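In TrEMBL this protein carries:
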| type | residues | note |
| --- | --- | --- |
| TRANSMEM | 67-87 | transmembrane segment |
| TRANSMEM | 99-118 | transmembrane segment |
| ACT_SITE | 123 | active site |
| TRANSMEM | 138-158 | transmembrane segment |
| ACT_SITE | 141 | active site |
């Protein structure tokens, strides 16, 4: 079981991402907002044709979506391969690497599903803080971001013991 939990985490992220997006797509009209914590957090149904946090969403290129799909598939193949290797019984990798890769993979699959089926990604989480308006995002974007942070933590943890052995 220990070998397979990261794939379960990937499926959980995918299921939660699809469930939250489906809820927004069926209950909130595009560009409608629902105040959750006034002045801090609201739900707003948007369609993002760019990448995470709406980067490149204003591109007018007709090749944008197919290129993003191809890039996403390539990243998913790479991450799946890394995750498979990290989950082998003989692997000595720390659990943070497996968790990080599982989060990134689950988020990537969730956004890829939207991009293939709808041609864009449903974003809906909208935060404000101290006069700053953060880009609108979704659960898949959150999983990818947390996964990337865990990857950095894992790299730091792996390097730190190696550096202390050298000194």
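The first residue you see is number 1, and the count goes up from there.
Glycine residues also receive a Cβ, built from the backbone N, Cα and C atoms like all the rest.
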The number of other Cβ atoms within 10 Å of the Cβ of residue 141 (active site), counted over all protein chains shown, is 23
In Å, rounded, how far does the Cα of residue 123 (active site) sit from the Cα of residue 141 (active site)? 9
Same chain, outside the transmembrane segment (138-158) by at least 6, Cβ under 8 Å from its Cβ: which residues? 13, 16-17, 20-21, 52-53, 94, 96-97, 99-108, 110-111, 121-125
